[in-house]
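Student: Dropping the structure in here first, questions after.
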């Protein structure tokens, strides 16, 4: 059976393939091979650049261009050839090394230095840099732009709904009012913090041999400062150098990276659930699309499927990421292979998140505020004014203020008349009575509408 979006086992490459297609060039087997091939080529070029020390003097500029073309022109036919070599070697990096050696054999001058391909390297020297660059590209080209889009969309919602009063619910029960804009601002601020953190996370790489000590390098060329060469090579990719490792780069930065992503995802799950709840309360309506169907049997249904889809995929993403957070920083002694299969699922974890990000944006785009329902719910809950009344009573030294309001309001149907009658009975200045009577569930919103003007 040919592999298509219909025959793929994973919905990442099946049902949701249109949402994850940009990740294929990065996290597919083809992508992984190309990243690793590039590192092998760049390492060979680095060796060539040390020609005066290593006595390599016959490599011309055209050969350097040829090496670059091997990466630039890398295609599926090349990838299949590497996989066929791997069937014999049962070792992916060795297969890649043999492929590159076969390629450079086309050049007489490069053929003379073919044994400098993969010189001094352990497989992890190549793999760890590849993963670093894959994560960097995914972050800079896909994840952060989507986060920015979500955050920017929330910011627009903040000011669009700045003056829409909202009955707050603590423990699911009526509480001091806010505004819809302020409640969205809470999520905006939380997500923006994670955006800034993710952008600044240092992505690390290493190239220092089998156990991190340049043993083979120094055996061949003891007078060369391989530590400095390692640093120069790693930083040339725009990533940070880890000078102290075992055979593997310890993956702490991946744990940091996914900790940030997982927290952003968790905040977004919180947002999805709140939006789901507001839709359920009829605070938001969803724009309908004529040809869409909400239920196979209930024709009237318009379900919040985008927020539900987003929540579900974020859960899957976090499950994988949280496993990686606790698994990847641990390796037995100088290394064990249990991280290898886990690392190959980095793209899967990110893919579920990307699906979720697109879903939440789709859901937000369908929302329409239902102001009448917001006001209707507020009007049913005049008892929330017990908070400002008892607070002002305390200001004027009235004893048992809290207890008196508790007796008046708790578990009872309270309306405007009941509240105003109670206010009239208070021994406080008439101006304060007037101010209290001007308070309603609709305008008792504190500074909710003002403080959001300070968001950046």
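If you go along the chain as it appears here, the first residue is 1 and each next one adds 1.
Just so it is clear, glycine is given a Cβ too, placed from its N, Cα and C backbone atoms.
Marked as N(6)-(1,2-dicarboxyethyl)-AMP binding site by Swiss-Prot on the basis of similarity to another entry: 15-16, 90-92, 122-123, 247, 296, 301-303, 309, 335, 340-344. If you look up Swiss-Prot, you'll see 171, 295 marked as active site, proton donor/acceptor, on the strength of similarity to another entry.
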Student: Reported as an integer number of Å, what is the Cα distance between residue 15 (N(6)-(1,2-dicarboxyethyl)-AMP binding site) and residue 171 (active site, proton donor/acceptor)?
Tutor: 38
Student: Determine, to the nearest whole angstrom, how far the Cα atom of residue 171 (active site, proton donor/acceptor) is from the Cα atom of residue 341 (N(6)-(1,2-dicarboxyethyl)-AMP binding site).
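Tutor: For residue 171 (active site, proton donor/acceptor) versus residue 341 (N(6)-(1,2-dicarboxyethyl)-AMP binding site), the Cα atoms are 43 Å apart.
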Student: If you count other Cβ atoms within 10 Å of each one's Cβ, which of the binding-site residues 123, 341 has the most?
Tutor: 123
Student: If you skip the near sequence neighbours and keep only those at least six away, which residues in the chain come within under 8 angstroms of residue 309 (N(6)-(1,2-dicarboxyethyl)-AMP binding site), Cβ to Cβ?
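Tutor: Listed in sequence order: 355, 356, 359.
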Student: When a 10 Å sphere is centred on the Cβ of residue 15 (N(6)-(1,2-dicarboxyethyl)-AMP binding site), how many other Cβ atoms does it contain?
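Tutor: For residue 15 (N(6)-(1,2-dicarboxyethyl)-AMP binding site), the 10 Å Cβ neighbour count is 13.
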Student: Since the record lists 91, 171, 344 as recorded positions, which of them has the fewest other Cβ atoms within 10 Å of its Cβ?
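Tutor: Sparsest of the recorded positions 91, 171, 344 by Cβ contacts within 10 Å: 171.
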